[in-house]
Amino acid sequence: MADTKYIFVTGGVVSSLGKGIVAASLGKLLQARGFNVALQKFDPYINIDPGTLNPYEHGECYVTEDGHEADLDLGHYERFLNTPTTRANNITTGRIYQNVIRKERKGEYLGKTVQVVPHITDEIKRNVKLLGQKSQYDFVITEIGGTVGDIESLPFLESVRQLKWELGQNCLCVHLTYVPYIAAAGEVKTKPTQHSVKQLQEVGIQPDILVLRTEHELQPDILKKVALFCNVAPDSVVQSVDVPTIYEVPLVLQQQHMDETVLRKVGLQVGPVPEMRQWHEFLEMKHTAQETVTIALVGKYVELQDAYKSIDESLMQAAIYNRKKLNLISVHSEKVTEANVAETLKDMDGIVIAPGFGSRGVEGKLVALKYARENDLPTLGICLGMQCMVIEYARNVLGFKDANTTEIESNIEHKVIDLMDEQKTVTDMGGSMRLGAYDCALRKGSKLAAAYGKEFVRERHRHRFEFNSQYREAFEKAGMQCVGENPETGLVEAVEVPACRWFVGVQFHPEYNSTVVNPNPLFMAFIREAIKTRKKDKE
């Protein structure tokens, strides 16, 4: 295709409506029609990236293949499209201003007064078009974070306005709004949507397609009313009624021919219907699963729904492919004690020890791990979760009672987890960890190698601390095997206890490499083992 088509997804009325899901769903439908699609997210906050943001503030921090800390929506993009993202797929206001200031210091604007318009908006437009110019994408779908009317979104919306003017038919805007249901009146209200569109029009943008989030199905007269008062064609008003799972959203949009509407508006032939066989099979497995596998996720941010989003989704995908429903139980690690651990975990088929940073909640994770190991409960530790496995084993099996990570306590004898050598001179917090995909060689005959079905994998990382190799021999002799390591540095990236049915820890993050059509083998194997445990316990 000669010209890349650019689609912007904006949001109005309230935040958290699911712009990322709508963008990913539309991208999936276009991809299923044979188009090459890229998705990107523009966030209006001034942080360079979300790497230093507390999960309570922003939810999960996602990590791309090339080592960029990104918004969790990139996880949705990858899970829906089954294609990796990069640094170019997530831009923040902070990055935009940083780039402009750097150019100003280099003299690229010499003689000019640097302003929001045109310099900031030009930099935004440059980043929007970057993916389309560097790669052969037919569509670039850009999600604009925030809500129309927010001050911080104005430069992005001005950039969208300019691009719609510059690109003409090759650019369109999808606006997602909320249609509330007033229970007392027994009716839905479209006025918030009308006002949201009016705000968008005030900055010079006429939306081409409206997507209406609603809890109740909207009648044709409501859709016609919205079309009339928002100046949108009737066939360009799409409703997104709440569904049991986000993976049904592409089918909901397809049923209303949203992908066909997009193709017509950008001047392309509609062609055959999208090839969504695998997607339908996935949902069929989900809806027909009868039995349940119960997994405990032990972490310190479990009360926040988005804090471990990729782990939640990876476990759910693995359960579905194993023909089971997932019953995911959130266990706050700060609340786990020796007194209550047995009661807390007794009905679990397996547990996952979540990643994280800092000392809060670590002792609870250690208590949970001791119980799981001694009761042969299938356990998967991720990042800090693996490090906690090492600490627990050092204290309770090797007898190193003061064993710890130097992230928590440096004045100890047994530093079984220590700061990586290359991190010891690092002073900046942001973007300075060991980030992105690295190779890992797996030990032949290990449970981990069996899970992956190969002895060489590449997974993503996000950490500063590592297993202290000085203790490797002691751990091996005591029964904890180092079964994965970086072939270049020798860094231990995975451990397991062969005497247990499944007690595996990995320094990397397998959840960043699991999609709807390609679930991560490690989660698949873990869920299989949990199912076996459930059956054995029943017998």
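Positions of Cβ are set from backbone N, Cα and C atoms, glycine also.
Annotated in Swiss-Prot:
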type     : residues                                                                              : note
REGION   : 1-268                                                                                 : region 'Amidoligase domain'
BINDING  : SER15, ASP150, ILE151, GLU152, LYS189, THR190, LYS191, PRO192, THR193, GLN194, LYS225 : CTP binding site
BINDING  : SER15, LYS189, THR190, LYS191, PRO192, THR193, GLN194, LYS225                         : UTP binding site
BINDING  : SER16, LEU17, GLY18, LYS19, GLY20, ILE21, ASP73                                       : ATP binding site
BINDING  : TYR56, GLY356, LEU384, GLY385, MET386, GLN387, GLU407, ARG464                         : L-glutamine binding site
BINDING  : ASP73, GLU143                                                                         : Mg(2+) binding site
DOMAIN   : 294-536                                                                               : domain 'Glutamine amidotransferase type-1'
ACT_SITE : CYS383                                                                                : active site, nucleophile
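Here LEU384 (L-glutamine binding site) is compared against the binding-site residues GLY18, LYS191, PRO192, and the shortest C-alpha distance is to GLY18. Secondary structure from DSSP puts GLU143 (Mg(2+) binding site) in a beta strand. Of all the binding-site residues listed here (GLY18, GLY20, PRO192, GLY385), the one with the fewest other CB atoms within 10 A of its own CB is PRO192.
For the recorded positions CYS383, MET386, the greatest number of Cβ atoms within 10 Å around a candidate Cβ is found at MET386. Sequence-distant contacts of GLU143 (Mg(2+) binding site), defined by Cβ-Cβ distance under 8 angstroms and a gap of at least six in the same chain, are PHE8, VAL9, LYS19, GLY20, ALA23, LEU39, GLN40, LYS41, PHE42, ASP73. For the binding-site residues LEU17, ILE21, ILE151, LEU384, the greatest number of Cβ atoms within 10 Å around a candidate Cβ is found at LEU384. Looking at LYS19, LYS189, ARG464, the binding-site residues in this record, the fewest other C-beta atoms within 10 angstroms of the C-beta turn up around LYS189. Just so you know, of the binding-site residues SER16, THR193, GLN194, GLN387, the Cβ with the fewest other Cβ atoms around it within 10 Å is the one at SER16. The candidate set comprises the binding-site residues ASP73, GLU407. Of these, ASP73 has the most other Cβ atoms within 10 Å. Excluding the listed site residues SER16, LEU17, GLY18, LYS19, GLY20, ILE21, ASP73, the same chain places GLY11, VAL22, ALA23, HIS76, GLU143, LEU176 with Cβ atoms within 8 Å of the centre of the ATP site Cβ atoms. Summarised as a single figure, the pLDDT of the domain 'Glutamine amidotransferase type-1' (294-536) averages 94. A 10 Å cutoff on Cβ-Cβ distances gives GLY356 (L-glutamine binding site) a total of 23 other Cβ atoms nearby, all chains included. Comparing C-alpha positions, LEU17 (ATP binding site) sits nearest to THR193 among the binding-site residues TYR56, THR193, LYS225, GLY385. When secondary structure is read from DSSP and collapsed to three states, SER15 (CTP binding site) falls in the coil class.
Sequence-distant contacts of THR190 (UTP binding site), defined by Cβ-Cβ distance under 8 angstroms and a gap of at least six in the same chain, are VAL179, ILE222, LYS225, VAL226, PHE229.
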